[in-house]
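Participant: So Swiss-Prot has the following annotated:
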- 1-95: transit peptide (TRANSIT)
- 129-149: transmembrane segment (TRANSMEM)
- 154-174: transmembrane segment (TRANSMEM)
- 204-224: transmembrane segment (TRANSMEM)
- 225-245: transmembrane segment (TRANSMEM)
- 246-266: transmembrane segment (TRANSMEM)
- 271-291: transmembrane segment (TRANSMEM)
- 322-342: transmembrane segment (TRANSMEM)
- 378-398: transmembrane segment (TRANSMEM)
- 405-441: region 'Disordered' (REGION)
- 408-424: compositional bias 'Low complexity' (COMPBIAS)
- 432-441: compositional bias 'Polar residues' (COMPBIAS)
Amino acid sequence: MLRKLTSNSSRWTTTHLGSLWQEVGGHPIRRGLILHHHCRPLAAVSSGVILRQKEESRWSPNSGGKLANLRCWPEYRLHSATKRRTLGELVLRDYSSNNISDKKPEPKSLLQSIVQNPYARLMRIDRPIGSWLLFWPCGWSIALSAPAGCWPDLWTLTLFGAGAFIMRGAGCTINDMWDRDIDGKVARTRNRPLVAGELTSADAWFFLGAQLGVGLLILLELNWYSIVLGASSLGLVIIYPLMKRITHWPQLVLGMTFNWGALLGWSATQGSVMWSACLPLYVAGVCWTIVYDTIYAHQDKVDDALLGIKSTAIRFGDNTKLWLSGFSTAMIGGLVASGMVCEQTWPYYSAVGVISAHLAHQIYSLNIDNPTDCATKFISNHQVGLILFLGIVLGTLYKGYSQRAGKSSTTSSSSTSSSSSPSSGLLLAATNHHQPARQAS
């Protein structure tokens with residue numbers, strides 16, 4: 001709790017730091033501190049509370065109650081476990097009226113306005129990496145199902161790309177609705193729209209319904225086998241956010257959810273799932289998800305441990321790299337098995353080799369105690385998905401080229417052997433010798 005100065009008098013009132021707006025002299029300040037010119041010690045503020053600067057402003061004692069420039073450090077912790085701060089240490093004040101600025105903020109571009117919209121942030125438009133990670137298993141399966149020498153079906157790829165974008169947004173909405181009581185206590189998630197009060201639960205329900213409606217329209221473009229198969233994954237989408245409260249393996253459930261496209265992509269193009277090819281691909285994708293989402297979870301492991309949230313990052317602990325190496329090896333094994341069933345060629349296996357090196361570098365250089373490094377390594381998995389997709393496409397094209405070259409070689413050798421055979425030549429000569437006699441008779 002902090003004390004704030006009201007706009008119409010000099011008396012102090014007590015208000016919570018988390019309140020969104022405070023009117024002073026007619027100026028709304030969001031998540032800032034409105035302070036009297038006397039600094040008072042900050043007796044007790046819960047650890048992890050962060051001051052965010054919405055507008056630069058200072059309190060001037062000679063301004064007649066108007067707002068001049070009070071400044072707060074953005075994302076500055078009020079106190080940590082080892083040191084307690086006072087308001088004098090946190091606030092920079094300048095009482096000179098010459099520093100008062102009437103400069104208006106620069107207008108936002110259309111793209112900025114869209115990205116910063118609370119509904120857009122609810123579905124993580126500003127962070128497209130999740131949509132890519134959801135799309136790549138679909139793309140792998142669609143490309144593997146293409147006939148030898150053919151490109152993957154562009155229309156199917158487009159449908160699955162749109163579906164990945166929409167359903168990832170729906171999954172994020174469901175996740176935020178389940179985790180509303182938790183997100184406000186975690187530094188990385190405390191500014192999400194539902195926690196910050198920018199959207200209500202009713203808004204989120206309405207938006208979720210709209211996203212699921214669009215997702216259903218996309219699903220109805222597929223065959224009935226794929227419609228049933230796709231709809232059966234909705235249960236995983238709903239229960240995943242609950243798993244972090246129940247088990248240390250929520251990343252396993254996320255992997256089962258995110259890689260459903262490895263099954264669905266094949267059925268969308270072929271009418272059913274070829275399990276001998278798709279199941280190893282699906283298992284490989286699940287292992288891949290456990291790898292990258294464990295890295296991601298290490299960003300929040302301190303807050304998660306305090307709140308009782310479970311994850312593979314907490315389960316693996318200091319043995320994380322050993323576990324990640326095991327799951328990476330299983331992923332490579334699944335990719336090799338799927339490639340063998342599909343009779344893939346050297347471009348595919350070359351891509352698998354590059355992915356092996358990429359994952360090895362990720363794990364070797366990973367600093368699990370550095371959130372920035374964890375975020376960088378997590379995002380780099382987009383490259384893993386792209387490399388494998390290109391390897392499948394090039395391998396399929398090369399397979400068609402090899403088959404055509406083999407047929408041409410077989411036809412040529414057969415023709416050569418027929419024309420050079422002595423018995424064939426004698427038979428042809430005998431046939432030509434007796435042909436006029438048959439015509440005369």
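Each residue, glycine too, has its Cβ placed from N, Cα and C.
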Participant: Does the transmembrane segment (378-398) reach the transmembrane segment (225-245) with at least 3 CB pairs under 8 A, where each pair is 6 or more residues apart?
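Facilitator: They do not touch: fewer than three Cβ pairs between the two stretches lie under 8 Å.
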Participant: Who are the chain neighbours of the transmembrane segment (271-291) in space, where the CB to CB distance is under 8 Å and they lie at least 6 residues beyond its ends?
Facilitator: 133, 137, 140-141, 144-145, 223, 225, 229, 251-252, 254-256, 258-260, 262-263, 312, 324, 327-328, 330-335, 337-338, 341-342, 359, 362, 381, 384
Participant: Between the stretches 129-149, 154-174, 322-342, which one has more Cβ pairs under 8 Å with the transmembrane segment (246-266) than any other?
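Facilitator: Going through each listed stretch, the top one turns out to be 129-149.
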